[in-house]
Each structure stands twice: as C-alpha cells, then as structure tokens.
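J.: For reference, TrEMBL lists these features for the protein:
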type     : residues : note
TRANSMEM : 34-56    : transmembrane segment
TRANSMEM : 68-86    : transmembrane segment
TRANSMEM : 98-120   : transmembrane segment
TRANSMEM : 140-164  : transmembrane segment
Amino acid sequence: MIASTGFAVATSARVYLYGPISADLNLPWYVKTFWVLHNVSVPVAFLITVFYWTLLYNVDFQEEMDRGLDIAVHAVNTLIMMLMLMSSSHPTRFLHMIHPFLFALTYVVFSAVYYLAGGINPLGDPWIYPVVNWSDPGPTILVVFVTGLLLVSLHFITIGLSAARDALANRIIRPSVTVHLDENVALRTQTANT
C-alpha cells in the first residue's frame, strides 16, 4: 500500500510538472510499476480488512496493539485505497486479476515455507495467522481457497467501482480532461498553450 501510494504521488507529480503521459504501449517503467502496485494494493487492502474483521478479530482477546493501531492497520488501509481508487483515472480490467492473484499465491507459498522451515510467531506458535495453520492442512486449504474466491470477488468490486468512477467523471468533467478507457488514447489532449 505504501509503495502504491508513493508511486501514485510520484506519477501524479510527474504529470503535473511535465504534462500528460501518452497512454500508448510504451509506458514509462514507473507508470507500469504503479499500475501493478495499484492492481495489487486495492483488492488486497479490501481483503485484509474483510479477512481480519471476520476471521481474526476477537473483542475479548487482549492483544499487543491498542484499538487505534488495530483500526489503522486493518481498516484505514481500505479507506486510503478506496480514496486512491476513486480519485485516480487508473483503469482496472478483468485481466488485472493476475497481479493480486500472484501476490496472494506468493503469500500462501511463503506461509507454507515459513511453517515447513520451523518459523514461529512471537507467541511461539507455528503459524502467522491461526486460520492459516499448515499443521492442520485441511481447514487451511479451505480458508486459502475461500479467501482466493473472496479476492476474485473484491477484484470485481474494484472493477465496478472503477467503472462507476469513470461514468461519473464522464458526466461532470469537461471532455478535454475526461477519463478514457481506451489505452491508445492520451489521457488528456494538449492545447496550443502547452
């Protein structure tokens, strides 16, 4: 999320200072990097929030984090990513699902290797999260599968939010700065003054 936000700020600053970036197939590396980070961070932030507050949060559990930090880590991330999603003109497509899927797959492999290598959490348990406990693989595989389906659903929600954002932008913004869904069209047309 931090990397995605950083690349969003850097890309926006570049556009503000030097003018629009052509949306042809030869995008600069920093735009491509932002694209992938954005594709991962938005649905994964939504997933973290849903996963934590439905499966992990226990009101009776006394934990190391105070409630404010708990909310900042597991809820504010979704708010920030929602704001970034709704304030950008970054297109989100069905095929972009590959980015968060590969990220999630990498995490699942990491958690399995962590367990097999004898990793322990600060409390001495052999898991990072109790619902992803590879010493009991049946329920863990079920949780991983259901979480994967949830991630796909959240990606579709992200696509829907992007489409709603674009439709709203097309209704209220001048045509010269409208959001274009065709990647072969510049995001903004240049005027004679620029």
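Glycine is treated like the rest: Cβ placed from N, Cα and C.
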J.: Which stretch from 34-56, 68-86, 98-120 shares the most C-beta pairs under 8 Å with the transmembrane segment (140-164)?
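T.: Answer, by Cβ pair count: 34-56.
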J.: In terms of Cβ proximity under 8 Å, which residues at least six beyond the ends of the transmembrane segment (68-86) contact it?
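T.: The answer is 1, 4-5, 8, 38, 41-42, 45-46, 48-49, 52-53, 57, 92, 158, 161-162, 165.
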